C-alpha cells in the first residue's frame with residue numbers, strides 16, 4: 001500500500017464506516033441548520049403568545065378576584081383533562097370501538113398523533129407488546145408495497161420504451177420474441193431512470209395530498225394550507241397531533257368520510273414512504289460521491305485510496321464509475337435472492353459484520369422450513385450485498401445494486 005510505503009497512512013478506513021460517519025456528520029449539520037431556521041421563524045411568535053397569555057391570565061385574575069395560584073391550579077386540572085381526551089367542544093368518544101380503531105391505526109403506522117393515549121397501566125403494558133408486533137408488520141407491509149409499486153412503475157415505463165423503440169424501428173417483432181440474443185438487443189440492457197420513478201412518486205403523493213386537502217377543507221373547516229400541512233405531517237408519520245382529522249362528534253356522510261379518511265391516509269403513507277426510500281438512494285449516492293472526492297482530492301498522493309472499497313446496496317465497488325441510476329424491471333425480491341443463498345451451515349461469527357439482515361432472515365426461514373434451496377450458480381460475494389429493509393427490496397433493481405455488474 002502506498003500509504004504505508006511513505007509512513008504517513010493511519011490505516012485503511014472501511015468504506016461503510018466512512019459512509020456512516022460522513023452521513024452522521026451531514027445529518028448533524030442538517031439538524032443544526034434546521035434548528036437555526038425554525039428558531040428564527042418561531043421564537044418571536046412563541047414569546048408574543050406567552051406574553052399575551054400572561055396578560056389575559058392577570059386580567060382574568062383581577063376581574064374575578066382570584067389569586068394567580070388558584071387559577072393556575074384550575075388550569076392544570078384542565079390540562080390533565082385535555083390529555084385524557086376531554087375537550088370543550090363536542091368530540092367523538094376516544095375509546096369506543098371506532099375511536100380505538102383509529103388509535104391502533106396511528107400506533108401501527110407510527111403516526112402517533114398523540115390526541116389519544118392509554119391512561120391505565122394495563123393499556124400501557126398492552127401497547128408495548130401490541131406496538132412491537134404491529135409496527136414491525138406494518139413496516140413489512142410498506143416494504144412489500146414499495147417492491148410492487150416499483151415493479152409496476154418499471155414495467156409500465158419499459159412498455160412505453162418498447163412502444164417508443166417500435167415507432168423508431170429499432171425493435172422488430174422478431175427480436176421482441178427473442179430476448180436471448182443478448183445485450184446487443186435494444187431492450188435487454190435498458191432500465192428506467194430512478195429520477196423518473198422519483199418524479200412519478202412525487203406526482204402521486206402530490207395528487208393524493210391535494211385531493212385529501214380538498215376533502216379536509218370541506219369536512220374539517222381547515223384552511224387549504226393547513227390541510228396540506230396536515231397531509232404531509234400525517235403521510236410522513238411525523239404526527240404532531242396539532243391537527244387531527246375525523247375527531248368531531250358528527251359529520252355529514254360520516255361513514256363515507258371516515259372511510260375515505262382512512263383510505264387516503266393509508267395511500268398517502270405508502271406513497272410518501274416509497275418516495276422517502278427512493279430519495280434515500282439518491283442521498284446515499286451523493287454521500288458516495290463526496291467520499292470519492294475526499295479520497296481522491298483531499299488526501300496527499302501517499303494517502304489516496306485509504307477508503308477500503310466494499311460492495312454495497314447502492315454503489316458496489318466494481319461499478320463505482322457509473323452515474324446513471326436506473327431500476328430493473330425483471331423479477332422480484334424473492335426470485336432475485338434465490339441464487340444467492342448460503343449452504344445449510346450457520347454463518348461464522350467472523351462474517352457477521354458483512355451479512356445483511358435480509359439475508360440472515362431468509363436463512364433462518366429456510367432452516368425452519370427444512371433447509372435452503374441449493375443453487376450451483378450462487379457466489380459468496382453476492383450473499384452480502386442484499387441490504388436491509390427498503391434497500392433489500394430495491395436490491396438488483398438499481399444499476400448500482402446489480403450483482404452482476
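Each Cβ is built from the backbone N, Cα and C atoms, and glycine gets one as well.
Listed features, source Swiss-Prot:
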- 1-19: topological domain 'Cytoplasmic' (TOPO_DOM)
- 20-40: transmembrane segment (TRANSMEM)
- 59: N-linked glycosylation site (CARBOHYD)
- 65: N-linked glycosylation site (CARBOHYD)
- 95-115: intramembrane segment (INTRAMEM)
- 110, 111, 237, 238: K(+) 1 binding site (BINDING)
- 110, 237: K(+) 4 binding site (BINDING)
- 110-115: region 'Selectivity filter 1' (REGION)
- 111, 112, 238, 239: K(+) 2 binding site (BINDING)
- 112, 239, 240: K(+) 3 binding site (BINDING)
- 125-145: transmembrane segment (TRANSMEM)
- 146-193: topological domain 'Cytoplasmic' (TOPO_DOM)
- 194-214: transmembrane segment (TRANSMEM)
- 224-244: intramembrane segment (INTRAMEM)
- 237-242: region 'Selectivity filter 2' (REGION)
- 263-283: transmembrane segment (TRANSMEM)
- 284-405: topological domain 'Cytoplasmic' (TOPO_DOM)
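All features noted in Swiss-Prot, drawn onto the structure.
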| residue | record | DSSP (3 states) |
| --- | --- | --- |
| 59 | N-linked glycosylation site | helix |
| 65 | N-linked glycosylation site | coil |
| 110 | K(+) 1 binding site | coil |
| 237 | K(+) 1 binding site | coil |
Below 8 Å between Cβ atoms, which of the listed ranges 20-40, 125-145, 263-283 makes the most pairs with the transmembrane segment (194-214)?
263-283
Could you work out which of the recorded positions (59, 65, 110, 237) has its C-beta surrounded by the smallest number of other C-beta atoms within 10 A?
65
Compare the Cα of residue 111 (K(+) 1 binding site) against each of the recorded positions 59, 65, 239, 240 and report the nearest.
239
From 59, 65, 240, the recorded positions whose CA lies within 10 Å of that of residue 110 (K(+) 1 binding site):
none
Neighbourhood of residue 240 (K(+) 3 binding site) by C-beta distance under 8 A, where only residues 6 or more apart in the same chain count:
113, 114, 233
Note down the number of other Cβ atoms within 10 Å of the Cβ of residue 239 (K(+) 2 binding site), including every protein chain shown.
18
Which listed residue (111, 238) has most other Cβ within 10 Å, given these are binding-site residues:
111
Mean of pLDDT values spanning the region 'Selectivity filter 2' (237-242):
92
